[in-house]
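For reference, the structure is listed below as structure tokens.
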Amino acid sequence: MFAKVAFKNFTPLKSIAPRSFSTTSSRAFKVAVLGAGGGIGQPLSMLLKLNDKVSELALFDIRGAPGVAADIGHINTTSNVVGYAPDDKGLEKALNGADVVIIPAGVPRKPGMTRDDLFATNASIVRDLAFAAGETCPEAKYLVVTNPVNSTVPIFKKALERVGVHQPKHLFGVTTLDSVRASRFTSQVTNGKAELLHIPVVGGHSGATIVPLLSQGGVELTGEKRDALIHRIQFGGDEVVKAKAGAGSATLSMAYAGARMASSVLRALAGESGVEECTFVESPLYKDQGIDFFASRVTLGKDGVDTIHPVGKINDYEESLLKVALGELKKSITKGEQFVA
């Protein structure tokens with residue numbers, strides 16, 4: 001199947017399904033989900049149906065999207081939902097007029113696979129969708145969920161450049177699940193409240209490139225307990241792949257994270273100030289080391305990326321993690337860029 005295959009201002013339920021029945025007037029937007037029939041796409045689409053900043057929800061997939069649209073279209077919120085198939089210019093229709101485009105399309109991980117193992121299949125899918133999006137809705141904000149994000153976001157950039165419409169502020173790699181896992185897993189170790197723990201996660205979105213900055217979240221752990229927590233955050237997806245025994249990867253938690261990132265982007269587009277997420281964007285932070293993309297805290301605005309925040313003060317342990325991450329990131333980014341070059 002084509003489908004499977006985003007801190008401080010975040011209140012989980014309200015952020016994803018804010019005031020679904022509110023009579024308060026506010027600007028709403030068209031959101032397109034590419035890969036809406038898959039394991040992530042279906043629950044992601046449902047969560048977006050609950051968001052009062054979505055006026056129109058366009059669902060596309062090579063199969064199943066009209067059925068998903070018919071199903072979630074019964075949910076009693078005001079947004080209109082339409083599902084599109086590839087025939088009769090379905091992709092173009094889904095993208096036409098979209099303010100935000102979310103891409104969870106691609107194949108899922110199976111036991112023993114890393115995110116990077118998905119490159120061979122997912123790279124071409126993301127490239128082709130980027131071409132279509134760039135030609136149809138060049139001013140949209142693009143949220144790439146498809147793994148390996150460290151490579152697919154550079155692919156998306158290169159494709160947009162080919163079309164002549166790339167705007168760095170408009171392109172996001174969705175790494176929100178790393179932040180979600182960091183707060184949840186840390187709360188299990190510290191007995192704190194997950195929703196009150198804000199752990200910045202920088203770097204990338206694959207294994208050792210995921211660098212949780214526990215020190216910035218006020219978490220003081222050392223030794224084996226710290227190492228185990230860091231490893232679990234970095235490789236938490238493996239738990240789900242193993243538990244599902246070949247039947248899929250982290251689809252539901254990823255849908256939640258994707259909906260959170262989309263909600264943050266929509267809130268910023270609507271004019272809300274101070275909206276922040278950790279996200280993988282074209283960044284100046286490590287360009288002097290040849291690394292054009294990096295995940296860090298980003299303040300969102302009406303034009304997408306507003307402010308890219310530096311990593312900030314970190315301890316020696318985190319510095320060592322970051323050094324490893326940068327080396328891996330450079331290789332993954334280059335791999336993606338060369339795919340379209």
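Just so it is clear, glycine is given a Cβ too, placed from its N, Cα and C backbone atoms.
Secondary structure at Gly37 (NAD(+) binding site), taken from DSSP and collapsed to helix, strand or coil, is coil. Annotation comment: Swiss-Prot describes Gly35, Ala36, Gly37, Gly38, Gly39, Ile40, Gly41, Asp61, Asn122, Met254 as NAD(+) binding site, evidence class similarity to another entry.
Summarising the annotation, Swiss-Prot assigns substrate binding site to Arg109, Arg115, Asn147, Arg181. Summarising the environment of Arg181 (substrate binding site), the number of other Cβ atoms within 10 Å of its Cβ, over all protein chains shown, is 25. Reduced to three states, the DSSP call for Arg181 (substrate binding site) is helix.
Over all protein chains present, the Cβ of His205 (active site, proton acceptor) has 29 other Cβ atoms lying within 10 Å. Residues or ranges marked as active site, proton acceptor by Swiss-Prot on the basis of similarity to another entry: His205.
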- request: Fewest other Cβ atoms within 10 Å: which of the binding-site residues Asn122, Asn147 wins that one? Let me know.
  value: Asn122
Statement: Once DSSP output is merged into helix, strand and coil, Asn147 (substrate binding site) belongs to coil
Field: Sparsest Cβ surroundings (other CB atoms within 10 Å) among the binding-site residues Gly35, Gly39
entry: Gly39
Message: What's the number of neighbouring CB atoms sitting within 10 A of the CB on Arg109 (substrate binding site)?
response: 23
